Every structure is written in structure tokens, then in C-alpha cells.
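If you check TrEMBL, you get these features:
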- Gln316, Tyr343, Glu366, Asp414: S-adenosyl-L-methionine binding site (BINDING)
- Cys488: active site, nucleophile (ACT_SITE)
Amino acid sequence: MHPIHNRLAWQMRSSVLIFHCAVSHGMTLFLRPPLLVTARLAISHPPYLPQKVEAKGVIAASCPSLAHEKPSFNLESVSSSSLTAATALQCLHFQSCSGCSQEWDLDQPHIVTEAKKFFKELGISDLNFESGMLAEWRCRAKLAVRGTSERPLIGLYEEGTHNVVDIPLCRAHHPNINVAVNLLKQGISALNIQPYDEDLGTGELRYVQIAVTTYNTSLPAAERYQNGKVQVSLVWNSRNEQSESYKKLNALAEFLWRNAGPKSNSHLFHSIWVNFQTSSSNIIFGNRWRLLLGERDFWEHIGGIDVCLDPCSFGQANTQAFNSLLRKLQKYVPYGSSVVDLYAGAGVIGLSVAATRKCRSLRCVEINKESKLSFEKSLSRFPKHIDCSVHWHNTDASIEPLHWLKGSNVVIVDPPRKGVEQSLLDALREISKCKDSKVPKSSIINEKEEKRPWILRARKATVHVESKTSINWAKDQTWPEFIIYVSCGWESFKENCQYLLFNNAWHLEKAHAFNFFPGTESIEILALFKRGPRANHTKKKSGKKKKP
């Protein structure tokens, strides 16, 4: 099949879900002009699609088979198994959208070649690259809302501009994200909601965050992904609930809930939230959140544990790939370890390791205070039979880093794209001089008794659950033997890696790469470092001479 014909066929297959949702609720469907052409080329009016195409890119629900009933869309009809096998993006939005930069060979981004060469020079000759799903993988999306109420645009910025590209049939999105976006457009038009105008600072709806949870124990495991429920967070251009536009906000939420809530023919939504934001900066979210409709707790089962994520907490977009990474990471942690998880967020990595490796203790350090509530809820479902001391601290790990490293034999770092802070890198280099529990006399590790009140407050755990065996962190002279580094920034990882390896302070034991963002030149790295130089496994020659 010619590539363009192949692309059209795939695009129409992915769009069936959106057509079904629109038709079942008697809604109009906003389409870009190229899609209308695609519809005429790819198929000849199958029975489940509308047969009349009106002007201005709007499809009318005039199919005879749907005239007397409202069918619900079947998420199982869009299989992801065949999508995983495809290696081409095949997306109509590729030329204009800034989300993807690679159209072909999604299972082998060009950066993998560079990564393999880099690690081979460091003694890792067998870098494993796990590709995973290549389409419909994104379960979390932040999208800008622009345009007009008659013709809303919901999507990403065009490369190098603040012009929003409408992406109603994004190939990366979980199918239910596209369904939710289309329904949101219906509500914007029906209720005359004004999209945000960046130049004037006017309008009502600025952004929308859409997250999909596949946590549903009532379904077989194989069906949970495609039947995921959607959490919608509307970023509203006002300070609080007292604004004049609050009634319109409630009306929009009720419109969405009425059409795809639990009492509708097609239950799509898990919950609807609002975030109030009036800042003129590029920061998407403000500080004020409120649940409008639905369930408060947004659960996901990942890495062997139940995890709760509030809309303000960081969550991985590719949950399937993240789960694979966690399963690999867990094998690097010895049973019964004492673990410190820096850049911990809501504690997903730390809690999953503590549960699956039966850790003696876990300390999570996170600068974002908004992650506390999610951590507490996730901790409430931590396996009761595991005797582990768990602490969560709301502070910056780069301040007094030695305090957080002391008492642990495994340190996990999952920094933002810019990499690990220099003060923490220096501390990791410094502890490489330790021999067992002995500390060099000249070392900065010999810290004086801390008396500054703000530092003492930061050291006090915000959330903690003690184990049956009490742990005295101050007297524990253990220092990390292993660093587990999870990186989303390839360039910063290379710099941090070289710094840790300098002068044999640490050596690289293993490394793996994961395709967290198919269609881009970005990969996720999982690396295991061990303290000190690499052991020489070559056998020494004996001094004995062989008998003649």
C-alpha cells in the first residue's frame, strides 16, 4: 500500500471512536479540512458513520441506522496490539503540530544510536532499548485552548510560535483523550465559552489537562487500558469561585458530565476539576484547585502498587512504559535495603521499590508541597505486611544533601530535564571516598551539629510511618553503595554521568533506554552506578610453571 493511503486508512480507523461519540449524543464534530478529504478517499460511507457532510467542516448525524437510538462507543473496537506493531506515525497533524518530530521508524529514534555509542565507550556494550506502544500511548496531556467559541482550537503550539494547532485526531493520545477534547469543543460552542486570548489577557478557558486512569478492577486486565476513564482539569481565567464567569464554568462542567458522566450512555469521565489562573506568564496552572464533579481520588496501579495522583501532582504521560521501567528498576535494589528517593514527587518510585523489595526504610524528598496529599493516599494502601519505615520530606534535596544520603545504601534520583543539582553531585562524589562506614577525617561528611531552625524544620518528616524496628538516622553511618539514575534529559545525563565517573568515584554497572515519547528524539534512561572503580574480573596468572 502507498504510504499516504496507509496513513489515511489508519487515521480513519482511529477516528471511528470520535464519530461514534459525537453521533451518539447528537453533537457536531469539528474537523480540519484535510480530514474531510480523507473521509472521502479512505472509505465509502460505512454504516456506522454519518453520510452527510455539511459545509464549514461540521458532520451531521444523519445515518439511518442511528436515527432511533443512541449507541455507545466501544473502546475495545480500537485495538492497540496492531498499533504497537506499526513503526510510522501516520498522523495528519504531523506537518503543523510541534508534538512529534519523527514520522518514520518510531521504534528506533535516531538518538538511540548515539546512546549506544556513548554507553559502549563506558563499558556497557549491550544497551537495551525498549520501544513499547508507538501509538495511543499518551495518558496525560496539557493542551492550550484558543480560537473562538464558534471554532475552538485545542492543541499544541506551532513550533516557534504561540499559534495553537488543533489536533482532534492526535495519534499519540489515548483514544479517550481525543473523545474528551471533541466533547469539550461541543460544550464551548453550545455555551458560548470564550477561549483565552494571550495578547489581550481576556477569555475564560485557557488550558485543559486530560489524564486517563486504567485502574478498574471490575474489568479483565487486558481490557482496562482501552476502557480508561478521563479526569479533566479546566484552567479558568479567574481568581476564584466569586468571578462573574463561574456560572458558565459550572454549566460547562455539567454539560460534560451530562453527556459522558456515569449516568450517560457512554461513561467516559472520572472527574472534572477547575484550576484558577490569572497570571500573564507561561505557567499553566495557578495555586487554587477545586473538584467540580466526580471522584476526588484518581488511582492507578503501577509498579506493583496502587498510586493516587491529584491533578496538581506530576504524573508520567506514558504509563505503560513507566511501568516497564519500574519493573526493571526494582531488580537493581537488594532486598531489605535502606533507600532514599530524591526528587520523589508523589513517591511512586520509592513506594514501589519499598513494597516489592521489602525495604528496611524509605525516605522520600520532594520540593513540591502539593505532592504531599497524593503521597499520603498512596501510603494508605501500602502493604501492611511489609515492615518498612517510611518518611516523606518537603524540602530541596540539593540543600544539605549529605544529610539525606546518610543512612541509606541505595539512592534513587529522578531529576527534571536539567539534571541533578551540582551540590548533590558533589556530595555523591564525596561519599565515594568512604570505606564501609568509615569517613575520612578531612571529609565534608563530618558535619557539625545543625542548629539553624529552617534546616531542622526541613529535616522533620511531613509524613511518616515507623517500622517495628526503630531507626536512628543520626547514628547510622551507612552510605549509598548504589545510585539508580532515571533521566528524561539525555544531554544533562551525559554530563552528570561523566562527573560521577571521574577519577573512578563511581562506575556504571548497567543501563537501559525506554521509548517514553515515540515520535520524538527523547528517550528515558535508567542507569545503575556502583561506588568505586569497576572490579577487574580477569584471573591472575599463577606463578607456578606447568609440568613438562
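Numbers here mean position along the shown chain, with the first residue as 1.
Glycine residues also receive a Cβ, built from the backbone N, Cα and C atoms like all the rest.
TrEMBL annotations: computationally assigned, not manually curated.
Counting other CB atoms no more than 10 Å from each candidate's CB, the binding-site residues Glu366, Asp414 peak at Glu366. Compute the center of the Cβ atoms of Gln316, Tyr343, Glu366, Asp414, which mark the site for S-adenosyl-L-methionine; besides them, the chain residues with Cβ within 8 Å of that center are Phe314, Asp341, Ala344, Gly345, Val348, Ile349, Pro415, Val486.
Sequence-distant contacts of Tyr343 (S-adenosyl-L-methionine binding site), defined as residues of its own chain at least six apart whose C-beta falls under 8 angstroms from its C-beta, comprise Val365, Glu366, Ala397, Val413, Asp414, Pro415, Pro416. Counting only the Cα atoms, the space from Gln316 (S-adenosyl-L-methionine binding site) to Cys488 (active site, nucleophile) is about 11 angstrom. Taking the Cβ of Gln316 (S-adenosyl-L-methionine binding site) as centre and 10 Å as the limit, one finds 21 other Cβ atoms among all the protein chains shown. In sequence order, Pro416, Arg417, Phe516, Ser522, Glu524 constitute the residues six or more apart from the residue listed as 'active site, nucleophile' in its chain with CB-CB distances below 8 Å.
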